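Notes follow the structure.
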């Protein structure tokens with residue numbers, strides 16, 4: 001994840017036809033998939049557990065896993081990390097050091113996610129490989145992008161960390177986040193009438209916008 005990338009969150013895909021959705025993502029040129037893991041303990045929603053995660057990981061993508069759970073290590077230990085480049089947990093979660101140690105022993109990057117109301121913390125920034133700035137309240141797709149969260153990008157940059165932004169990203173605001181390394185796009189992609197064109201356009205804007213800026 002050293003190069004700038006768009007990652008597609010499958011939170012808003014058709015889970016009743018997941019295999020076809022993943023196949024279409026591949027045909028449309030998607031390289032990175034963002035897996036949102038929820039179990040109702042940290043956010044009031046539920047997605048999928050280790051069994052389904054491992055089936056998804058059999059597909060040929062670069063995966064990052066966003067753990068919106070209170071006890072991430074319980075799930076992480078059941079995941080096939082050979083196919084995972086990055087795991088992100090939330091700032092509010094306990095035992096971040098234990099999670100970081102477990103991941104790094106397996107050559108997986110350790111990320112910290114910051115909710116819209118969560119401030120940048122010096123100790124956390126120094127411990128993380130990657131910081132995911134949430135531009136919506138975590139737990140549900142389709143929310144409006146909170147532009148005030150962009151101020152955190154420069155704060156995190158001072159620590160020399162890779163920065164991602166997650167939530168409400170569409171063509172109308174992608175140009176505002178070109179200072180990030182990773183943009184997580186979900187509902188904007190899946191609700192598009194022409195998904196392949198949407199992906200091409202939003203990727204071009206994200207990459208070319210950073211070149212001109």
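Every residue gets a Cβ built from N, Cα and C, even glycine.
Around the Cβ of residue 9 (substrate binding site), 23 further Cβ atoms fall within 10 Å across all displayed protein chains. Per Swiss-Prot, substrate binding site is recorded for 9, 66, 139, 140, 141, 142, 166, 167, 168, 186, 187.
Take the CB of residue 66 (divalent metal cation binding site) and look out to 10 A: across all protein chains shown you find 28 other CB atoms. The divalent metal cation binding site annotation in Swiss-Prot covers 34, 36, 66, 166, and the record cites similarity to another entry as its basis.
When secondary structure is read from DSSP and collapsed to three states, residue 36 (divalent metal cation binding site) falls in the strand class. The Cβ of residue 36 (divalent metal cation binding site) has 23 neighbouring Cβ atoms from other residues within 10 Å, across all protein chains displayed. Annotated active site, proton acceptor per Swiss-Prot: 36, in sequence order.
Summarising the annotation, Swiss-Prot assigns active site, proton donor to 166. Around the Cβ of residue 166 (substrate binding site), 26 further Cβ atoms fall within 10 Å across all displayed protein chains.
A straight line from the CA of residue 168 (substrate binding site) to the CA of residue 66 (divalent metal cation binding site) spans 16 Å.
Residue 187 (substrate binding site) sits 13 Å from residue 36 (divalent metal cation binding site), taking the C-alpha atoms as the reference points. Following the DSSP three-state reduction, the secondary structure of residue 168 (substrate binding site) is coil.
Between the alpha carbons (Cα) of residue 34 (divalent metal cation binding site) and residue 9 (substrate binding site) lies a span of roughly 5 Å. What surrounds the divalent metal cation site, by Cβ distance within 8 Å of the Cβ centroid and not counting 34, 36, 66, 166, is the set 7, 9, 11, 35, 64, 65, 88, 132, 184, 186 from the same chain.
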